[in-house]
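As recorded in Swiss-Prot, the features of this protein are as follows:
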BINDING   Gly17, Pro18, Thr19, Ala20, Ser21, Gly22, Lys23, Gly24, Thr25  ATP binding site
Amino acid sequence: MAISASAGAAPVITIDGPTASGKGTIAHRVAKQLGWDVLDSGALYRLTALAALRRGLPATDEPAVAAVAQALDVRFDGPHVYLEGRDAGHEIRQEEVGNYASRIAAYPGVRQALLERQRAFRQPPGLVADGRDMGTVVFPDASLKIFLVADVEARAQRRCKQLIEKGISANLDDLLRDMRERDARDTQRAVAPLAPAADAHVLDSSGLTIEQTVQAVLDFWRA
């Protein structure tokens, strides 16, 4: 283990990284191996984006979007996620929602509104949390911090394959352009920019299978 969690707190493994780096899949599989809970923090930002889009709010209206985040009515039930009582698992994976979420994630009001919601997922026996600032902001005392990286072309191909398998139309060139723009926004924003924590293990998954990446994380945990 990298460090000890705060006294009395459930242990946390954080897995941060850029969009489509595989962090969600890896987090779920590591959590399953350990018998822990999992937090997909990106889903909370996407749910906020979807709720704002349903209300016709432009992504530039920071106060209104922050108010939506503050009052967000969501429920997680296993693999299902509900927004205002309706299953939103398919909708939040649409690229329009993802791009909107990337823009509003830069707003301090939105990040603050979702901070305590994310920390509330920390329960025994442990939590695997994936996102962009899990190890730097949300769980700075995490027992193990992983920062996943992968070549942007590989990530775009991975996302394209995921969308097509879910029956969602996707264009590789469009995805690659959007991904580069989102990477720039995530790394350059003033609040909680995407960057590895000083004590994070940087893991390049470009040439690794999902199973190999999961094993690498488990090896770090058990070391």
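Cβ atoms here come from the backbone N, Cα and C positions, even for glycine.
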Can you name the residues of this chain that are 6 or more positions from Thr25 (ATP binding site) yet have a C-beta less than 8 Å from its C-beta? Ile210
Any further residue of that chain within 8 Å (Cβ to the Cβ centroid of Gly17, Pro18, Thr19, Ala20, Ser21, Gly22, Lys23, Gly24, Thr25) of the recorded ATP site: Ile26, Asp130, Leu148, Ala150, Arg155
Report the same-chain neighbours of Lys23 (ATP binding site): residues 6+ apart in sequence with Cβ closer than 8 Å to its Cβ, ordered by sequence. Ile15, Asp16, Gly17, Asp130, Gly131, Leu148
For a quick check of understanding: among the binding-site residues Thr19, Ser21, which residue's Cβ has the most other Cβ atoms within 10 Å? Ser21
